[in-house]
Amino acid sequence: MITLLLRRLVGLVVSLLVVSVLIFTVMDLLPGDPASIMLGTSASPDTLAALQRELGLDRPLPERYLSWLGGVLTGDLGQSYTYGVPVAGLIAERLTLTLPLAAMAIAIALSVAIPLGVEAARRHGGVWDFMIGLFSYLGIALPAFWFGLLLILLFSVRLGWMPAGGFSGWQEGFAAGMQALLLPAIALALPQAAVLTRVTRTAVLDNIGEDFVRTARAKGLGEGAAIWRHAFPAALVPITTMLGLQFSFLVAGAVLVENVFNLPGLGRLALQSLSQRDVIVMQDVVLFFAALVITVNVLVDLVHLVVDPRLRREAG
Amino acid sequence: MRAGLRRPILAAGLLLTAGLVSLAVLSLFWTPRPPGQMQIAMRLKPPFEQGLLGTDQFGRDVASMLMSGAWNSLSTAMAAVALGASLGCALGLGAAVWRGWAQALVLRGCDIVFAVPPILSAMMLAAFLGPGRGTAIIAIATFMVPVFARLTLGGARQIWSRPYVEAAIGMGRPPWRITFLHVLPNIADQIIVQATIQLGLAILTEAGLSFLGLGMAPPAPTWGRMLADAQTFLGPAPWLAILPGLAILLSVLGFSLLGDGLRDLLDPRAS
């Protein structure tokens, strides 16, 4: 078990290193360099050379990569060109919005998807199953950012119940912060809920016919209890797997939804850094998101190994 | 009951996608008005009052912009899926031939590419190459490569272990011939189904990219940018925010229904 965990963690570190090398190399291969992008076309060659020296762009790629990596390991991601502050602090500050937003979206998605998926499996073939199936088709096709616009249109413009966007920080109080994040989280959650509903339904259906669920029924457990206490826990592995796989889409959705609701999160930081040509910030944010997606998927994998003895035997 | 519900999925998918494709193709020859034509006097008119679907903040005809946007969206999505699918399938088929480290490399590479959502890779590309259709196509295609690589690798490995393929190996047929003669034709169904579903996702992603200004450059109308522009006029002109989103929703829905319908048609066991 310990060697298995260690092996996964080594795999994680290797993946993270490879993704960082890859992003570094791609950015290096693309025409133009950060200094000329930041300064625009009107900069004098002297200014350009000075900034290139300051950013260390006159050094060869491997050297730059290693010094960046050394920085990351000591918590130094470099300086933002436009804000003039360390990028690490900038990312940490924006995370106080993006992390709660993502967590809220996942919580909402799960609390919608699990009851719907289980219900659809219980009554499979019936009208409810059909309606829930329709919901997941529509939800998967629904652009989260458009749903966000519709929510603003209804709750802010028409009814005036909610702010149309913006976030004044957690110092305004927990409730105010949560209120500002509620509509964006719902917009972000709906497509996820649709996918997870489908997975829950299939996974529960797969388990309903299994011997251990039949035994539970034979013991005199009601149909509902047999499903919730026996078929559903066994379905948690595919559900969390999908949650991990969907994390990449959640990140993409967050970038869009933050822009719809004008929220100063990490996704908005990435887009702002693009329009301000702050390439270093953008590179760090992209790497951070990629690292997050990889880490979440390895964590999901590890949790499965811990909870499901069958998988442990296969992997061992 | 379920069997009876099966074919409607295919029918609904066909209907929606056929509608989208014909409107998109029609827009190349005819739109009610030129999609870029501005008429400031007619600005922000609701549907039916001016044109079928109203006008935007510059008095442009929304129906014409949506039609033209359908072509822009569909052609970008098709190019991205064609690029991503051919690269992904080539990698998957190759990995199935070489196995060993090549297979491990492809699979690990898939995990890593999959960790960078197209929106982020589009931003990276846009910083250096500038935003535009090419950037959007490359970003979307990159994200599709792992999907098709994993699918073909999985499918191809099954075919490679079939008796008739083992017989072909025994006869000394070269791997590339076996790949094209036996492996590819047997997994073509799965690839077509997946490509159909991915077309929908590509349309969804393209909309997101052009919403953020990372898609086709103006004045070419795109559904995503129509939504971005509509944000300013949510109160006075809600139709500007509703109609393009509906177009995206129906298109993506069409392709995902068509994909599922095709899967049931081609491989009844899978359902």
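For all residues, glycine too, the Cβ spot is worked out from N, Cα and C.
Annotation source TrEMBL lists domain 'ABC transmembrane type-1' at A:95-304.
Residues annotated as transmembrane segment in TrEMBL: A:9-30 (among others). If one looks beyond the transmembrane segment (A:9-30) by at least 6 residues along the same chain, the residues whose Cβ comes under 8 Å of a Cβ in the stretch are 61, 64-65, 68-69, 72, 279, 283, 286-287, 290-291, 294-295, 298.
Summarising the annotation, TrEMBL assigns transmembrane segment to A:97-118 (among others).
According to TrEMBL, the transmembrane segment annotation covers A:130-154 (among others).
Look at TrEMBL and you will find A:174-196 (among others) tagged as transmembrane segment. Long-range contacts of the transmembrane segment (A:174-196) within the same chain: residues 97, 100-102, 104-106, 108-110, 112-114, 116-117, 135-140, 142-145, 147-148, 151-152, 155-156, 162-163, 165-168, 239, 242-243, 246, 249-250, 253-254, 257-258, 260-261, 263, each at least 6 residues beyond the stretch ends and with a Cβ under 8 Å from a Cβ of the stretch.
What TrEMBL lists as transmembrane segment is A:235-257 (among others).
Feature annotation from TrEMBL assigns transmembrane segment to A:285-307 (among others). Beyond the transmembrane segment (A:285-307), the same-chain residues lying 6 or more positions past its ends with a Cβ under 8 Å from any Cβ of the stretch are 1, 4-5, 8-9, 11-12, 15-16, 19-20, 23, 91, 236-237, 240-241, 243-245, 247-248, 251, 266, 269-270, 273, 315.
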